[in-house]
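Below: the structure, in structure tokens.
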Amino acid sequence: MRIQLPAAIQTPLINAVGRLEINFDPSVGVRRIKRHGWSWKRDAQYAFMGALAVFSLTVMAQPFLFKVFLVTVYTLGLLIPFTGQFVLPATPIFCWLILFYSAQFIPRDYRPHIWVSVLPTLETVLYGANISDILTRFTNPVLDIVAWLPYGVMHFVIPFVVAALLFVFAPPGAVKFWGAAFGYVNIVGVTIQILFPCAPPWYELRNGLVPANYLMKGSPGGLARIDKIFGGHGYDSTFSNAPVPFGAFPSLHAGCATLEALFLSHFFPRGRPFYWTYVFILYWSTMYLTHHYLIDLVAGGSLSCAYFYYYLSRMPDELRHPTGASVHYSNGDALPDDPEAALDSHNFGGWGGSVGGDDDDGFELPEANTGLMRDNSIDVEGAPYRSSKGV
């Protein structure tokens, strides 16, 4: 049986796939890097992420060959044009993941003091009560499942859904800003958690206000009830060995949900009630499951707002004001006469020199893929893959 997708989905999906560069020759990536006009103002972010990766790999207590394997896989993924168009925009996300994992290996002598009473005290002073404590006083299996779905399932799935929606239905280039904002929100959040470690509500319930130390294991909090419902020990094992057990502030669950809602609201405003309903349910679930105080959620949400509006200010007009633009760009009928010049006017330069410049490697995309230049010639502070046609 043949399944026919609606035209509203099929057309933008075909156009999105058509923008992909189908080339697996790593030498093309090498030539593009050589041609890239490096400048500190535009490319300092790559130096920062490189330094962060070196630090993470240095403290990581894993075999040297494993570290070499990680670097090799990333480098190959970056150089191969087909994978590079995904790997480069996702580099901030990879940096966050490796930083988060490596945090557990930082020597205890260099780690800061763990703050146990700061968050509940601030919450009581600012909001008049310990809101998270109030929300945990009544629990039942139905509420446990309702809290678990956004906190333990949707939190890990929705970032990929947002990326897919932006790639297919939003104006070309939107997914690059999503990757950068999502990655840097999490990098900054984990860095704060490492430098300003704070005990979550489950610690107060389990240990009171007794001083904490880095020999203490994490706890699944209310997610232990989910283990009990399903007859497993997954969450107990995961949180007991968490790389950052005292990472209550800021809440990156709240930060990610807020950023997802902001991007979706900007590009697909009709669904705003659904996006923000999910956000507020997730906010509640983090407190109900004893993983965050209200002030953690405010901090995580504020961090996401700051990064969203920063990147919004750097978007070209077709992304900053996308009303109707997704239709024009997805069907390919209303593109600018000179999209390369239009995008370059916003100083979104990239690897391979100026837009439309002559290359000496003779590499050109097949005509069917020329739409990729419209997607990948937009860069977040400067470095998409591009060929002689601007890719």
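Placed from the backbone N, Cα and C atoms, the Cβ positions cover glycine too.
Nobody curates TrEMBL annotations by hand; they come from automatic prediction.
Residues annotated as domain 'Phosphatidic acid phosphatase type 2/haloperoxidase' in TrEMBL: 175-312. Feature annotation from TrEMBL assigns region 'Disordered' to 354-391. Residues annotated as transmembrane segment in TrEMBL: 44-66, 78-101, 113-131, 151-170, 177-196, 293-312.
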Within-chain partners of the transmembrane segment (293-312) [C-beta distance under 8 Å, separation at least 6 from its ends]: 119-120, 122-123, 126-127, 130-132, 177, 180-181, 184-185, 188-189, 198, 200-201, 248-256, 258-259, 262-263, 266, 283, 286-287, 320, 380
Tertiary contacts of the transmembrane segment (78-101), as residues 6+ beyond its ends and Cβ separation under 8 Å: 20-26, 28-30, 33, 46, 49, 52-53, 55-57, 60, 70, 175-176, 179-180, 182-184, 186-187, 190-191, 243-244, 372, 376, 380, 383-385
Residue distribution over DSSP helix, strand and coil in the domain 'Phosphatidic acid phosphatase type 2/haloperoxidase' (175-312): 98 helix, 2 strand, 38 coil
